[in-house]
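Visitor: My questions will all concern the structure given below.
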């Protein structure tokens, strides 16, 4: 591997939970430095010690930043920003609209190939690490089994928002929890066809407005189409104080289970689990490791859009490959 | 990725449990064909439907085989065979003497670089998939935690052999089992320093010769230095029939747990588990996936010795990358 002459210079675009996580993760990696945070807001309002700039200034940092970590949303921010930013910088993002990844990949690849930059798209934990484990399982054990992904126990932002939109709800969080008995069934390697509703239950903690008919509210939650109607759903009514004290973190995680048979009857199981106190902080940590990989791929002369499937794990670590081989292989 | 003009033509060297597993695994991968098995024994004695040849004939297969999967032992076979075979073929092996991997890598790299071949060394599940997960955990979460590897529940060949060498023992197997309470402690992210003996217990199933003093035999087992003296060891005396019926499979597996903190107090855990009915069959399945990767790396113009750290997961699958992205990312 080519020696690095300087620390990898990183920029962050977007400063929500994910952007703050990336800032923290960079501070844990001594081979990197955070050059600046770029925002569409007034930069002076950012609650960060790092230098903050208006996103409009970003082009002037062409010679000062190697890799830009994009922390915006998948719906609007990333499809708009990444093809533009890839003209000037290597990029990493967590674009997570699974169905739209192929077209997104193509657009980003055109931009990054044209500029000679490397763009790592759709990394994080799902898509990202979970995708890698699904692929690993299916590559090693192609027959006699199946791959299942369970999400949780974890706080679901979308479902929490859905609760909050209901009349009579003052505050709420929703946890998605894999059903233990279904996990066990999948582990056994028995062939099963499972919907998301078969695999998960939903537990809601709700602060109701004063005077609201709780039985009616519970009924409205449990019958909400798409969100709760198909699921085993439990509703707990709690106080505002309890919501703040017990439910303000963003834990998440999940499990990928792949089973197969090396020969008929030989059950083999590969299982990968994440248990995360902070979902955005972990996603950020993954983005930063792949920012290093993007930089190194570029040093090797590569360009264009890459996914986690294209990137060897040896490029993720700050440590020299001979040390990794000696200590971890 | 370059289109393949033919199926990947694979050879097997060595036909023990692992070699038989590789034969089986190749039959599960339609993009590969088994051209022949090479042995130092009389080829006509091999219990296989595949073509069998004497190892001395191997050089004449230069134009008929792409990748050779070496299934011999790490102590003598692989250090002798791989540098020689790498002159003529891409190779894959499961060299697993952890401490000697760096020097082995160097020797194989010289041979493979000189011939322009690709040699994937030290793959399987440990070293191999477990190494990958240790590296992934440490790359993504470099601070505030630790990495622990547990082996089992599984049959340990070395410890079973040690039992069988004792006077008064007719037959025996030994299972290595991770201690559940230590697994839980490690999962909590509490910093702990653990020896192998702290993490595992050993359970022995022994068929004693007739008339042997069982109490004395049990004492000799439990006090055997290196093998059992440091461990919590349980001995069960069973009949020959029970040994044959209940303990003739080779199950194994284990767990890699990496914990870290994205910021102080945010515990994040990455956990990878294998639960295998057949240890050699699974190792064989991994070798075959990496045989495909070796072939593809060579198609990309690469040569020399490679480890799992150098190889992106996208090269392990028989399926086209755009399908993988669409369905698994």
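Residue numbers in this text run from 1 along the chain shown.
Heads up, the Cβ atoms here are built off N, Cα and C, so glycines get one too.
According to TrEMBL:
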type	residues	note
BINDING	B:15-18, B:39-41, B:71-74, B:94-96, B:123-127	NADP(+) binding site
BINDING	B:151, B:176, B:202, B:252, B:279	substrate binding site
DOMAIN	B:124-278	domain 'Meso-diaminopimelate D-dehydrogenase C-terminal'
Visitor: So for residue B:124 (NADP(+) binding site), how many other CB atoms are inside 10 Å of its CB?
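Guide: There are 25 such Cβ atoms around residue B:124 (NADP(+) binding site).
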Visitor: Grab the pLDDT values for the domain 'Meso-diaminopimelate D-dehydrogenase C-terminal' (B:124-278) and give me their mean, rounded.
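Guide: A mean pLDDT of 96 is what the predicted model shows over the domain 'Meso-diaminopimelate D-dehydrogenase C-terminal' (B:124-278).
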Visitor: For residue B:95 (NADP(+) binding site) and residue B:279 (substrate binding site), determine the Cα separation and express it in whole Å.
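Guide: Approximately 15 Å lies between the Cα of residue B:95 (NADP(+) binding site) and that of residue B:279 (substrate binding site).
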Visitor: Taking just the CA atoms, what is the gap between residue B:279 (substrate binding site) and residue B:18 (NADP(+) binding site) in Å?
Guide: 9
Visitor: Name the one residue among B:15, B:18, B:41 whose Cα is closest in three-dimensional space to that of residue B:151 (substrate binding site); these are the binding-site residues.
Guide: B:18
Visitor: Fill in the CA-CA distance, residue B:252 (substrate binding site) to residue B:127 (NADP(+) binding site), as an integer in Å.
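Guide: Checking the Cα atoms of residue B:252 (substrate binding site) and residue B:127 (NADP(+) binding site) gives a distance of 14 Å.
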Visitor: Measuring Cα to Cα, tell me the gap between residue B:124 (NADP(+) binding site) and residue B:176 (substrate binding site) in whole angstrom.
Guide: 19
Visitor: Minimum Cβ neighbour count within 10 Å among the binding-site residues B:73, B:127: which residue?
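Guide: If we count Cβ atoms within 10 Å for the binding-site residues B:73, B:127, the smallest count is at B:73.
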Visitor: What's the CA-CA gap between residue B:73 (NADP(+) binding site) and residue B:202 (substrate binding site) in angstrom, rounded?
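Guide: Here the two Cα atoms are 24 Å apart.
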Visitor: Quick check on the binding-site residues: of B:176, B:279, whose CB has the lowest count of neighbouring CB atoms inside 10 Å?
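Guide: Result for the binding-site residues B:176, B:279: minimum number of other Cβ atoms within 10 Å at B:176.
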Visitor: In terms of Cβ proximity below 8 Å, which binding-site residues out of B:73, B:124, B:127, B:176, B:252 neighbour chain A?
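Guide: Cβ contacts with chain A under 8 Å: B:127.
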